[in-house]
Amino acid sequence: MTDKAIRTRFAPSPTGMFHVGGARSALFNWALALQQPEGKFVLRIEDTDAARNRPEWTEGILRALSALGIDERDPHFEGPYFQSAYADKHREVAEELYRKGRAYYCDCTREQIQERRGNPHLGYDGYCRDRGLEPGPGRALRFRVPEGGPTVVDDKIRGRVEFDHSAIEDFVIARSDGSPLFVLANVVDDVEMAITHVVRGEEHLSNTPKQQLLWEALGQTPPVWAHLPVIVNEKRQKLSKRRDKVALEDYLAEGYLPEAMVNYLMLLGWGPGDDREIMPFSEMVPLFRLEDVNSSSAFFDEKKLRAFNGEYIRALDTTEFVERCAPWLGSEKAPWPAENFDAQVFEAVAPLAQTRISVLSEIVSYVDFLFLDRPVEDEKSWAKAMKPGVGEEMLTAALERFSDPNLEWRAEPLKAALEEVAAAQGLKLGKAQAPVRVAVTGRTVGLPLFESLELLGRSRVQERLRAALEKLKAAGE
């Protein structure tokens with residue numbers, strides 16, 4: 001198996017949003033494929049569940065893979081194939097197994113099986129194994145599990161895993177209507193596509209002995225198996241789409257950079273062998289080995305992901321940062337009228353914001369004061385900054401000082417001017433500037449105040465200081 005070019009496969013079902021766990025599996029498979037010039041990453045869409053499949057989910061899979069850098073134009077990429085297109089081959093193999101005596105027909109109902117076993121949790125008892133039933137209505141095809149055993153799965157991550165045949169029932173491989181079950185279709189497709197490595201989540205480990213038996217029954221050498229550790233939340237519960245934020249698209253829509261997501265997902269269960277954490281995928285590929293993947297559960301820590309993302313944002317040059325922010329600035333995501341947005345103003349403020357945000361969507365709250373007609377109303381910030389004896393007095397004095405036509409409207413002179421006002425009020429600059437910041441930007445936290453005043457302009461600053469004073473006076477009446 002190791003003499004052949006690596007052929008990995010990623011086989012998602014188009015039945016929902018693209019899960020971060022699936023993203024990690026795809027990346028691990030992609031990394032293996034990239035390690036050899038002839039290595040292949042095969043994308044197979046397992047679309048046999050017609051009732052749940054939707055075309056937009058398939059499109060979403062392709063978009064998500066592309067965002068992760070798994071590009072269908074890359075020579076290492078093969079597919080996408082669709083499992084439904086191989087239905088005839090699945091039936092053909094099922095019939096072959098029957099002819100060879102490796103499978104048999106069974107007409108037992110679920111109720112009959114449970115009645116014989118006396119326990120609904122016990123599996124099939126092999127009742128039809130030697131009855132010699134022919135194909136017919138109501139007769140499913142079961143694989144004849146060999147007596148003896150065990151089946152040994154050599155897992156690259158978990159080591160040697162034994163499955164006693166007494167615990168493996170003669171499992172159904174085709175329904176009574178002839179349609180194959182997933183366990184058979186999956187193996188047939190892997191054989192047909194010459195897959196050498198099956199790298200997937202540990203929830204599939206229980207199916208592996210059945211699939212290995214099928215590989216062997218078809219006269220094929222089983223692939224390299226590797227079952228990845230489960231991904232858990234902060235409560236150490238398996239990530240669930242009903243409870244946790246698990247859709248890759250949700251993270252990207254929030255402003256997590258694809259390269260940061262790739263970096264973080266690659267480290268869920270694997271590490272490069274040293275203390276490095278922030279590193280590009282291209283440097284991870286030659287270091288990646290399945291044997292180095294941890295079998296213990298991997299904690300999806302969004303706080304750590306945010307920290308990773310912040311590092312990647314700060315590493316962007318200013319031009320690229322501006323481009324990456326564009327989706328949040330000029331669309332329905334922006335809270336200001338489109339005509340208010342000034343690209344030159346944003347380019348000027350971008351370096352100040354770039355060092356402060358962890359996800360791109362946060363850019364809006366840092367720069368909205370520049371493009372809104374009035375600053376946002378944040379009552380908590382207002383109450384904190386506009387203390388009696390400070391708020392009104394500081395705003396009045398600041399407005400008077402900022403109205404001086406001889407005051408140069410740049411950050412440094414503005415800071416010096418406000419320091420003078422603060423000293424006259426007997427206040428330190430930090431406490432003195434809070435009312436001005438809230439009056440002008442609406443928030444107690446944000447970009448450097450004096451650069452913000454410079455960009456906003458003299459007339460708009462004066463207008464907002466007056467409006468804040470009027471609000472204070474109205475509240476005191």
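Placed from the backbone N, Cα and C atoms, the Cβ positions cover glycine too.
When the ranges 128-132, 203-207, 238-242, 458-462 are checked against Swiss-Prot, the one recorded as motif ''KMSKS' region' is 238-242. In Swiss-Prot, the feature motif ''HIGH' region' is placed on 12-22, out of the ranges 12-22, 45-55, 133-143. Cβ neighbour count within 10 Å across all protein chains ranks Cys106 highest among the binding-site residues Cys106, Cys128. Note on the motif ''KMSKS' region' (238-242): residues 16-17, 19-21, 230-232, 300 of its chain, located 6 or more positions outside it, place their CB under 8 angstroms from a CB of the stretch. Applying DSSP to the motif ''HIGH' region' (12-22) sorts its residues as follows: 3 helix, 1 strand, 7 coil.
Residues near Lys241 (ATP binding site) in space but far in sequence (CB under 8 A, at least 6 apart, same chain), listed by position: Gly16, Met17, His19, Ala247. Apart from the site residues Cys106, Cys108, Cys128, Asp130, the chain places the Cβ of Tyr104, Tyr105, Asp107, Gly126, Tyr127, Arg129, Arg131, Leu133, Arg142 no farther than 8 Å from the centroid of the site's Cβ atoms, the recorded Zn(2+) location.
Same-chain neighbours of the motif ''HIGH' region' (12-22): 45-47, 49, 52-55, 57-58, 60-61, 64, 201, 231, 239, 241, 246-251, 265, 300, counting only residues six or more beyond its ends whose CB sits under 8 Å from a CB of the stretch.
Following the DSSP three-state reduction, the secondary structure of Asp130 (Zn(2+) binding site) is coil.
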